[in-house]
Amino acid sequence: MEQRNRLGALGYLLPLLLHSLLLFVADATFTEVPKDVTVREGDDIEMPCAFRASGATSYSLEIQWWYLKEPPRELLHELALSVPGARSKVTNKDATKISTVRVQGNDISHRLRLSAVRLQDEGVYECRVSDYSDDDTQEHKAQALLRVLSRFAPPNMQAAEAVSHIQSSGPRRHGASSAVSSNNAGAAVRTTSETSHDDKNPPPGSPPAGSGVPEAAAAAASATHTATTTAAAAAASSSASPPSGQAVLLRQRHGSGTGPGYSADPLLSLLLLALHKFLHPLLGH
């Protein structure tokens, strides 16, 4: 009976001894390492890091998070091709310590949390674990690359869009002014044509072209008619001069004033007709 109990006790002790031996022989290693991540500006991220010391004895362990300035492009490419957690090539002298955690035991873990990341946060982050189990302190490292994408378009792109918008809106304004100028030119042409057409029409009561009156009588009648018309126009303008706006309209309607002007007043037309009928027989005799 006692022999059976001893065998049973040995059966329980053997697995425990084997487990303890495995823990003692096992090397210190990372159980969780940070991974490369790409985020947008303003996002929140977490980088895990966990380490287990060799053996079951309680040791003093320390874990630190470091931020390394952005390495050269060729080193970034090399880091992207390497295995995360096994990097030890980035040793930037401008490294900045972020946090430190120290425990007494054989396991340690610490998560790095970054909130509202910025473009300047891009770079390599390193998890350093110091193992004080032996006389000589052992240091283990695991690195991860953080890439931050811009949430908005670059400023030079916005400036280029603004310049292109200004350049595209310029011809439209020029085209509108050209249209207005062409309309004004068309109106001026129409006014000139109307004026020339009005100048060609003979005044009321004037003798038709090709009549049998001699050339001398016709010239005298024309001179007398011109003088009478000028005197009547001067008297009408001195008695009641129209406003400047109406004068401009009259000039636009009857021409620039270089040729003989004819008034549209019916009384003046009747007066001119009477003078013409009175002077025509006298000049004929």
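Placed from the backbone N, Cα and C atoms, the Cβ positions cover glycine too.
Quick look at what Swiss-Prot lists:
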COMPBIAS  176-189  compositional bias 'Low complexity'
COMPBIAS  208-225  compositional bias 'Low complexity'
DISULFID  Cys49-Cys127  disulfide bond
REGION    160-225  region 'Disordered'
TOPO_DOM  29-263  topological domain 'Extracellular'
TRANSMEM  264-284  transmembrane segment
Practice problem: Let me know the model's mean pLDDT on the topological domain 'Extracellular' (29-263). | Solution: 65
Quiz item: What is the number of other Cβ atoms found within 10 Å of the Cβ of Cys127 (disulfide bond)?
Solution: 27
Quiz prompt | Number of Cβ atoms other than its own within 10 Å, given for Cys49 (disulfide bond) | solution = 26
